[in-house]
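Participant: Can you read through this structure? Questions will come right after.
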Amino acid sequence: MARCLKLSSVLGICARRYSTRSANTSTSLPKPLSENVVYKSHNAFNRKAPLPVGAIQSIERLYSRKKEVSHLLNTRRHTQAIAGERIRQAGKDQDARHAALQEAKELKSEISQLERDLVLVDDQLFSLALAVPNDTHPLTPLGPESAAVILSTHGPKPMPASPLRDHVSVSRDLGLLNFEAGATVTGSSWYYLLHEAALLEMALTNYGLSIALKHGFTPVITPDVVRSDVAHRCGFQPRDNNADPPVSQMYHLSGDSSSSSHLHPELVLSGTAEIPLAGMFANEILPFEALPRKVVGLGRAFRAEAGARGAETRGLYRVHQFTKLELFAVSQADRSEELMDEMRLRADRNFHWAWVPFPELGASAYRKFDIEAWMPGRDYTSATALLQPPILCPTSTTLPFAHTLNGTAVAVPRLIVALLENGAIFNDSGQVVGISLPVALRPFWPQMYSREIVRFSGRTVVQWA
């Protein structure tokens with residue numbers, strides 16, 4: 001019989017990804033939270049997770065209560081079915097029929113109350129479980145963002161920072177971006193890519209796709225709309241009603257989402273292709289021989305919280321919508337770390353790698369690497385990320401866990417920022433007259449498009465280096 005892994009979208013007590021497994025550890029179910037309280041609490045503290053006092057003990061208690069209520073509810077439903085059968089069999093026996101009807105009436109009331117109790121305890125359990133972060137790789141740097149460990153640096157020596165190279169100024173002079181029209185049509189932090197900027201997005205995604213295909217990833221075009229419960233299971237919180245005021249990471253398609261919960265999901269715009277890619281494997285049993293499964297998905301990312309407007313977030317740096325090419329893999333537990341290192345080492349880019357410290361991981365990640373690009377109009381900043389995120393839990397203890405990995409192959413806006421600021425070409429008067437782009441993108445550039453700017457003596461905007 002083939003060995004299998006099971007992926008499930010069913011949220012149980014294990015569905016909050018509590019695994020500490022590495023390449024040499026077992027794939028058995030994790031220990032109960034009650035046996036790991038000290039580690040879980042310490043891990044949450046190091047990751048600056050907003051974990052309420054006593055949350056782990058409460059999760060254990062609520063889970064026991066949920067099992068108790070579920071068992072009692074199933075028992076009462078079974079008894080109700082028997083009472084219904086007795087009513088049908090009573091025939092003209094009025095006493096037997098009356099007794100069965102009375103019992104059915106009492107059971108209906110009790111079942112309704114148990115169903116309400118189950119919803120309440122399930123909501124409480126779900127809310128607390130979301131506050132518990134994933135376990136953390138033992139080599140993850142401890143401390144704030146400044147504690148990130150630089151693993152490697154590639155490319156030429158960074159040029160000096162200069163406000164003249166700010167991508168907003170460069171793109172304005174070359175007619176590449178239109179934020180004013182975006183604000184008129186939609187609002188702040190929305191934009192139009194024009195001319196070479198539009199072609200640059202397509203060239204970047206096709207270049208990234210070509211690299212992914214070369215390394216065995218299957219191409220996927222994902223839905224941009226997902227169920228909110230699928231987003232929850234990937235570590236995203238479509239809506240945090242416990243915050244004051246309530247906040248949302250995602251755009252909700254329904255007019256009123258106040259009644260939405262993991263039991264009654266709504267539709268949201270996906271914040272990353274990782275979410276529909278993970279959902280594509282939900283409820284599957286995967287033979288070991290078919291692993292790893294590697295896919296690369298192209299999708300639009302929608303972010304409701306674009307951040308406060310200022311020098312640090314202006315222009316394309318933080319926007320509400322952008323194109324993203326995402327790598328996603330499902331692996332055996334004993335191969336996930338090896339696969340992650342393989343994905344990291346194959347990323348041949350002129351950036352430097354940083355091992356992200358505890359507080360920057362996000363709730364679902366076990367470990368994370370950022371690829372940071374030098375943006376001379378501001379500073380080093382994350383251009384893409386590679387994560388070892390949730391472990392998708394089996395619903396049966398007879399099947400081992402599947403591990404998932406994802407990495408951003410191309411996050412278009414920040415790559416455009418880096419390319420514009422590093423590639424801006426100036427004349428002797430300090431005016432921007434073009435951009436120099438990496439020659440690796442040239443095969444993905446339409447040859448029939450060669451725009452000249454008349455005011456700069458007919459010079460072609462794009463130069464290849």
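Note that the numbers count up from 1, one per residue, in the order the chain is shown.
Glycine residues also receive a Cβ, built from the backbone N, Cα and C atoms like all the rest.
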Participant: Write down the one residue from Thr272, Thr460 that TrEMBL lists together with Arg303, Glu326, Asn406 as binding L-serine.
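Facilitator: As annotated by TrEMBL, Arg303, Glu326, Asn406 share the L-serine site with Thr272, chosen from Thr272, Thr460.
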Participant: Quick one: of Ala304, Val319, His320, Thr408, which recorded positions lie within 10 angstroms of Glu326 (L-serine binding site), measuring between C-alpha atoms? Sequence order, please.
Facilitator: Thr408
Participant: Which recorded positions (Arg303, Asn406, Thr408) fall within 10 Å of Phe322 (ATP binding site) by Cα distance?
Facilitator: Arg303
Participant: If you skip the near sequence neighbours and keep only those at least six away, which residues in the chain come within under 8 angstroms of Thr272 (L-serine binding site), Cβ to Cβ?
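Facilitator: In sequence order, Gly299, Ala301, Lys324, Glu326, Thr408 meet the Cβ cut-off.
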Participant: Sequence gap of 6 or more, Cβ distance under 8 Å: name the residues on the same chain that satisfy this around Ala304 (ATP binding site), in order along the sequence.
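Facilitator: Residues satisfying the criterion: Ser248, Gln249, Met250, Tyr251, His320.
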Participant: Let me know how many other Cβ atoms fall within 10 Å of the Cβ of Phe322 (ATP binding site).
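Facilitator: By my count, 19.
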Participant: The domain 'Aminoacyl-transfer RNA synthetases class-II family profile' (214-443): mean pLDDT?
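Facilitator: Here the predicted model's pLDDT, averaged over the domain 'Aminoacyl-transfer RNA synthetases class-II family profile' (214-443), is 77.
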